[in-house]
Every structure is written in structure tokens, then in C-alpha cells.
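According to Swiss-Prot:
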| type | residues | note |
| --- | --- | --- |
| BINDING | 21, 22, 73, 75, 81 | Ca(2+) 1 binding site |
| BINDING | 22, 27, 73, 74, 75 | Ca(2+) 2 binding site |
| DOMAIN | 1-106 | domain 'C2' |
| MOD_RES | 1 | N-acetylmethionine |
């Protein structure tokens, strides 16, 4: 991947109150897309509150590019049913990457991000310093569906020899 500035690790933790698509339940999985990159979690059978705890890693060459999360109900014989989508707003996360972490103690809050029309946050999100890393936990409100949220955590991974953004 040309002009790689780093990697974005997305830990897809769990789904909350996802819609039922198959007889009072669903078999959900998540697809994360950024540009031409498309990654997916494993499916969880018979759950509207799945625990994925899967890590997906995207190569980032443009920090302003959109990251989309889509939830689907896995179907064996027909096309997968959409269960909602959300935009992952990574701009506030990238803006704090230049923070000097040498003086930070574990658990230090670097920034708060409030829900707005510019993001899909279901509640306020905190960017924190934890165990030598800058992390952001988010609960995303799914769009284009009756109900559902997805809890994720993002982490920046520096790539040796990459240029600063």
C-alpha cells in the first residue's frame, strides 16, 4: 500500500439490541470498509446481542477517508439481510496522535467526543492513554434500521518508516 501512514486496529466488541431478522433472532456479522479495503468479523449464530471481540486492521494512507461499519444477518441460501450501518468518525482520534505520551499516566483522558450529527455516537466517547497506547472506545448507533448499536475500540499503530500526517 503506497504512502501508508499507519494502521488502524478496530476491535469490534459486541452488538447491542440488534434487530431480529430470522424468526426472533439473527446471525449477525460486521463488515468494515475503508476505500478498497473490506474486512469482516466472524458470524455469531442466534443472537441479537452478539459478542464478537474480533480485531480488524486497516492500512491508512489518508486519515480523512471514511470508515463504514455495516451489520448483516448471515443467510445460507439467500443474500445477507442488512441490519444497519454506521460511520466511524476517526478524525478526533487522529487529531490527538501527536500528543506527547511520555508524561501521561495510565487511564489519562486526552479528549472527549460528544454525539452529534457529524458522527454516529450513541453516547459520549473518551480518547484515553492506556498501557502505552492511545485508545478510543465508542458505542455506535446504527442507521437505517429500527434499533441496534455496536461497541468498538480503535487503536493507532505506527508503521516504521511511515511519514507523519
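The backbone N, Cα and C atoms fix where each Cβ goes, glycine too.
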Per-residue Cβ crowding (10 Å cut-off), top of binding-site residues 21, 74: 21
Cα-to-Cα gap, residue 74 (Ca(2+) 2 binding site) vs residue 21 (Ca(2+) 1 binding site), nearest whole Å: 9
Alpha-carbon distance [residue 27 (Ca(2+) 2 binding site); residue 21 (Ca(2+) 1 binding site)] in Å: 8
Ca(2+) 2 site, defined by 22, 27, 73, 74, 75: further same-chain residues with Cβ within 8 Å of the Cβ centre: 21, 26, 28, 43, 72, 76, 80, 81
Packing count at residue 22 (Ca(2+) 1 binding site) (other Cβ atoms within 10 Å of its Cβ): 13
Extra residues within 8 Å (Cβ to Cβ centroid of 21, 22, 73, 75, 81), Ca(2+) 1: 26, 27, 72, 74, 80, 83
